[in-house]
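Working notes, beginning with the structure itself.
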Amino acid sequence: MRLGGPWAWLLGLPTAVVYGSLALFVSVLHNVFLLYYVDTFVSVYKIDKAAFWVGETVFLLWNSLNDPLFGWLSDRQFLSSQPRSGAGLSSRAVVLARVRALGWHGPLLALSFLAFWVPWAPAGLQFLLCLCLYDGFLTLVDLHHHALLADLALSAHDRTHLNFYCSLFSAAGSLSVFASYAFWNKEDFSSFRAFCLALATGSGLGFVGAARLLRRRVEAAGREPGCPAMAVNDGLCEEELLVGGEEAGSITLGQYLQQLARHRNFLWFVGMDLVQVFHCHFNSNFFPLFLEHLLSDHISLSTGSFLLGISYVAPHLNNLYFLPLCRRWGVYAVVRGLFLLKLGLSLLMLLAGPDHPGLLCLFIASNRVFTEGTCKLLTLVVTDLVDEDLVLNHRKQAASALLFGMVALVTKPGQTFAPLLGTWLLCFYTGHDLFQQHPPAPVGSAQPWPEPPAPPPAQAPPLRQGCFYLLVLVPIACALLQLFTWSQFTLHGRRLHMVKAQRQSLSRAQTLDVKMV
């Protein structure tokens, strides 16, 4: 009876809460990983410089390829539009398969996270293996989690409801960044290891528990009429035929890529999202540099650390306000408004100049918060593209994970372009090469190796001016490009309603076919 009470309470949680909690179990690990993995291998394990760059290069290639690879392996059976013979799968069975995958891959993600903080191999080899293992399991978790957003719900209202809880739990998970400051000590690493062990244990158990709850909810939805157990999708009540096997009706990777090349809205979206990913990582890479050269004389070190920490939490809290707006006005209108806001704030900052510390501080923080927040909203747009892809190509089932993987394949180069283009622009404008001096290190991180001393003070004014123009002109250029590409995107308004209606009618038609057979 003692166990029955809490378990009964957990079973009574809404599906959206259980789904959103998965974002918590990822966020508590990933934010700590981003903040400390370089410092750990450089300052604690003393990794060799050549081994560090070899590991980062291999990681860059693996990080770019694993999204479409795992998406293809997961969803290739869903691509055929031709009827085939074989064992049937229902829409509910697809969701159950994704939930089971999360139940396995989530704990493995937690184990791969733990592998960073205990030396168990030569530093270079451990660095390479840990990065590839961690990113592989993180990709699997992200793909199936995002795919569930498209599979559990069809209407925009229900999807924003699910995304609302993802933002709420992601904000809670970001608090692990603040807690980590109390345990981080390069001289005595044992307390930080214990902290990471506690995070990994909680995350792994959370994945197992959440996957079990979701599985019971989906299974109950198939047994009970009207789907009372599922709060967000009536479609899971239906037994939609999805046949397996590798018969002649299957689609090859080349044919799928041709279909994507004809998917006009997909092409415009990934063009816009490439710029968005670039801008997000540009802000992350140069946030400490802007604080150092534009605000170091006006704010304390603790204030700068607080701004850095709050920038991890604020985008998720910000989305709690924007998601209700998405329900009312649509994601397209809200994203367009955010692009206009980015352009307007950047133009105002350009006109004001670099001599207003308060305004600069507000702009640097808001620029990062709004940009990161926009990235979170774009997940909803990808789910709409999943619907349109299913309708345009008459698929038997939505290839959700595969489409998310293809979006990541096209947009991830923005992560690489951000630091390269930013440092090149700064060097071109000011003659200042960041690699020729010790750049300011973010809180909780460190640059791998000491560099020669900074240039003489006479170069400081041009560098400060260069940082300011980089800060305001990059958002202006990004906003203009995004407003143009977003204006070409037509999956909103009447067209979006038509796609939703056609997907619902396809689902009902498939259900009738199965019942007639």
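Backbone N, Cα and C atoms are what each Cβ position is placed from, and that goes for glycine too.
Taken from Swiss-Prot, the feature topological domain 'Extracellular' applies to 1-11 (among others).
Look at Swiss-Prot and you will find 75-100 (among others) tagged as topological domain 'Extracellular', backed by a curator's inference.
Positions annotated as topological domain 'Cytoplasmic' by Swiss-Prot, on the basis of a curator's inference: 119-126 (among others). Within the chain carrying the topological domain 'Cytoplasmic' (119-126), a Cβ under 8 angstroms from the stretch's Cβ atoms is held by residues 41, 45-48, 50-52, 54-55, all 6 or more beyond its ends.
Summarised by DSSP class, the composition of the topological domain 'Extracellular' (152-155) is 1 helix, 0 strand, 3 coil. The feature topological domain 'Extracellular' is assigned by Swiss-Prot to 152-155 (among others).
Away from its own ends, the topological domain 'Cytoplasmic' (180-191) comes close to residues 32, 35-36, 39, 43-44, 117, 309, 443-444 of its chain (Cβ-Cβ under 8 Å, at least six residues beyond either end). The annotation topological domain 'Cytoplasmic' is assigned in Swiss-Prot to 180-191 (among others).
Per-residue pLDDT, averaged over the topological domain 'Extracellular' (224-264), rounds to 59. What Swiss-Prot lists as topological domain 'Extracellular' is 224-264 (among others).
What Swiss-Prot lists as topological domain 'Cytoplasmic' is 293-305 (among others), and the listing cites a curator's inference.
Annotated topological domain 'Extracellular' per Swiss-Prot: 326-330 (among others), in sequence order. DSSP assignment over the topological domain 'Extracellular' (326-330) gives 4 helix, 0 strand, 1 coil.
The topological domain 'Cytoplasmic' annotation in Swiss-Prot covers 351-358 (among others).
Annotated topological domain 'Extracellular' per Swiss-Prot: 394-402 (among others), in sequence order.
According to Swiss-Prot, the topological domain 'Cytoplasmic' annotation covers 430-466 (among others).
Per Swiss-Prot, topological domain 'Extracellular' is recorded for 486-517 (among others), and the stated evidence type is a curator's inference.
For the transmembrane segment (12-43), same-chain residues at least 6 beyond its ends with a Cβ under 8 Å from one of its own Cβ atoms are 52, 102, 106, 109-110, 113, 116-117, 123, 126-127, 130-131, 134, 138, 141-142, 145, 148-149, 152, 161-162, 164-170, 172-174, 176-177, 180, 184, 186, 192, 196, 199-200, 202-204, 206-207, 210, 213-214, 217, 229-232, 312, 442-449. Annotated transmembrane segment per Swiss-Prot: 12-43 (among others), in sequence order, evidence recorded as similarity to another entry.
Cβ atoms under 8 Å from those of the transmembrane segment (56-74) belong to residues 101, 128, 131-132, 135-136, 139-140, 143-144, 147, 253, 399, 401-406, 408-409, 412-413, 416 of the same chain, restricted to positions at least 6 beyond its ends. Per Swiss-Prot, transmembrane segment is recorded for 56-74 (among others), and the stated evidence type is similarity to another entry.
Per Swiss-Prot, the feature transmembrane segment maps to 101-118 (among others).
Summarising the annotation, Swiss-Prot assigns transmembrane segment to 127-151 (among others) and lists similarity to another entry as the type of evidence.
Across 101-118, 127-151, 306-325, 467-485, stretch 467-485 shows the highest tally of CB pairs under 8 A with the transmembrane segment (265-292). Counting residues 6+ beyond its ends, the transmembrane segment (101-118) has Cβ neighbours under 8 Å at 22, 25-26, 29, 33, 37, 40, 74, 126, 129-130, 133-134, 136-138, 140-141, 144-145, 148, 189, 192-193, 196-197, 199-201, 203-204, 206-208, 210-212, 214-215 in the same chain. Each of 306-325, 359-393, 467-485 was scored by its Cβ pairs under 8 Å to the transmembrane segment (156-179), and the highest score goes to 306-325. Counted over residue pairs 6 or more apart, the CB atoms of the transmembrane segment (467-485) and the transmembrane segment (359-393) come under 8 Å in at least three pairs, which marks the two as touching. For the topological domain 'Extracellular' (394-402), residue counts in helix, strand and coil come to 3 helix, 0 strand, 6 coil, using DSSP. When Cβ-Cβ distances below 8 Å are used as the criterion, the transmembrane segment (306-325) is approached by residues 31, 160, 163-164, 167-168, 170-171, 174-175, 177-178, 181, 287-288, 291, 299, 334, 338, 361, 364-365, 368-370, 372-373, 375-377, 442-443 of the same chain, each at least six residues removed from its ends.
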